[in-house]
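Taken from TrEMBL, the feature domain 'Sulfotransferase' covers 13-175. Residues or ranges marked as 3'-phosphoadenylyl sulfate binding site in TrEMBL: R41, S49, Y152, K175, G176, R177, R178, H179. Among the features that TrEMBL reports, disulfide bond is placed at C153-C170.
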Amino acid sequence: MPLSRPGDVTLEKSPAYFVTEAAPARVWRMNTSIQLILILRDPVDRVVSDYAQHVHRRVSKDLPPKPIESLVLTRNGDGRVNSNAKMVQTSLYHRHLRRWLRYFKPDQIHLVDGDRLVSQPHSELQQVEDFLGLKRHIRPEHFVFNATKGFYCLAPSVSSGRGKKRRQRCLGSEKGRRHPSVANSTLTALRHFFAGHDERLVQLTGRTFDWMRRNAQQFGEE
């Protein structure tokens, strides 16, 4: 980590820390008082997003993508989710979070609702400001919805020079990719599988996330 002056807040991000078994102990040895921010999204959406990355990587190498069923379901054809599949393991949030809670206090870990971060970025980021002890500077007008990306981007900032066109600042091209079509039977199997794990996450954190309410409503309609 870079050196920080008194009053500075230094951040870094990585998708790998959360699921890497050795990471909590290593981070704790580096800094026992560190503040951690964890973004959680609908585990089914995360699996499909992971699969979209798989499709992109295969196509970019002129290779045919594997069916998602071969990557997340058992091989005996019973339609059950393979709990040992890598794409599935990553979404078992309560298991990974318990590992971090062995080293860090709950008030050191701020949970961001990934669904709300997409639909209401300003409110989620204001909570991050509060968690980090920063003055609130983020406002709704700092964001603008990008129909092409399908999510909010930073609104054009004040130009630093004359004649320069103001542009939105969005996440990279790897974000906002169109998700491949997935059979309803596979999505249903994933939702039922993760429902029990979502309950364990609620018990661990005391929070009910937006995707849980949405999935519970869908189960009621089935």
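Just so you know, the numbers here start at 1 and follow the chain as drawn.
Note that Cβ sites are derived from N, Cα and C of the backbone, with glycine treated the same way.
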Are there any residues at least 6 positions away along the chain from S49 (3'-phosphoadenylyl sulfate binding site) with a Cβ closer than 8 Å to its Cβ? List them or say none.
H179
In Å, rounded, how far does the Cα of C153 (disulfide bond) sit from the Cα of R178 (3'-phosphoadenylyl sulfate binding site)?
17
Work through the binding-site residues one by one (R41, Y152, R178) and name whichever has its CA nearest to the CA of C170 (disulfide bond).
Y152
Run through the Cβ atoms and count how many others sit within 10 Å of the one on R178 (3'-phosphoadenylyl sulfate binding site).
8
CB neighbours of C153 (disulfide bond) within 10 A?
18
Could you tally the C-beta atoms, other than its own, that fall within 10 angstroms of the C-beta of H179 (3'-phosphoadenylyl sulfate binding site)?
11
Once the chains shown are all counted, how many other Cβ atoms turn up within 10 Å of the Cβ of R41 (3'-phosphoadenylyl sulfate binding site)?
20
For Y152 (3'-phosphoadenylyl sulfate binding site), what residues in its own chain, 6 or more apart in sequence, show a Cβ-Cβ distance under 8 Å?
V118, P121, F143, V144, F145, N146
